[in-house]
Amino acid sequence: MATIIEINKKKALEVKNFEFTYAKADVPSVKKLSMPVAKHNITALIGPSGCGKTTLLRSFNRMHDLYPNNKYSGEITFKDRNILTSKEDLIKLRIQIGMIFQKPTAFPMSIFDNVAYGLKLQGIKNRTELSGRVEKALKDAAIWNEVKDRLKHDANGLSGGQQQRLCIARAVAVEPEVLLFDEPTSALDPISTGGIEELIVELRERVSIIIVTHNMQQAARVSDYTGFMYLGELIELGKTEEIFVTPKEKLTEEYITGKFG
């Protein structure tokens, strides 16, 4: 039985009895999992490799639907609807719930066009409006001052840390309500990692954030709530300080203290 804190706040998402099985797999990667996600807070998911945390993260905006024959059941509630139904508009969903991947994924186009890409998909064609929204997004991602004089340059000429902030700018440009971060700093140097962590904390005021990380120190630094997963199950979810200082589950304590990993 999982230990899950009662969150007396508005919820960005709520998961109920969610189970996910990859195509051709015999055992679910996520098993009957339930959890709330607090609105305008940062929730970290930690646990050893293969525990199901990235599988769960990618379920929040149905990224698994890009591949056939995966199976899922249960509910993931967002804006008072179960997003797992066949009626869900996945393009709209992925605008409302954006994702930042482990490896920076700058598109092979200019810096400006990278950020404008999603805006154009939304039907925004007016150049003045596009320019304003692109500038705002780049400022929100703390990269405007570094790129404002080279917006027409190829985005792949940016450093790794800059490309990751560009990806964040591209995601926030379409004004999502939730952002999903999948190991967003694992490919970056310590200085770039610090910058991304500061940015994630700043973004919390505008969006709800869920971050998967193998770095427990990172989870402790940036998150408000932390969930520990093991073998596809949520073992414990609580306030981050309590999870790291006074965990209620023995398995959580053993993982936090490095007895396994």
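Yeah, the Cβs are placed from backbone N, Cα and C, and that goes for glycine too.
Taken from Swiss-Prot, the feature ATP binding site applies to Gly47, Pro48, Ser49, Gly50, Cys51, Gly52, Lys53, Thr54. Reduced to three states, the DSSP call for Pro48 (ATP binding site) is coil.
Look at Swiss-Prot and you will find 13-256 tagged as domain 'ABC transporter'.
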Winner by Cβ contact number (other Cβ atoms within 10 Å) across the binding-site residues Gly47, Pro48, Gly50, Gly52: Gly47
Among Ser49, Thr54, the most crowded of the binding-site residues [Cβ within 10 Å]: Thr54
CB contacts for Lys53 (ATP binding site) [other CB atoms within 10 A, all chains]: 29
For the ATP site built from Gly47, Pro48, Ser49, Gly50, Cys51, Gly52, Lys53, Thr54, further residues of that chain with CB within 8 A of the site's CB center: Thr55, Met229, Tyr230
PLDDT averaged over every residue in the domain 'ABC transporter' (13-256): 95
Surrounding CB atoms that lie within 10 Å of the CB of Cys51 (ATP binding site), all protein chains: 22
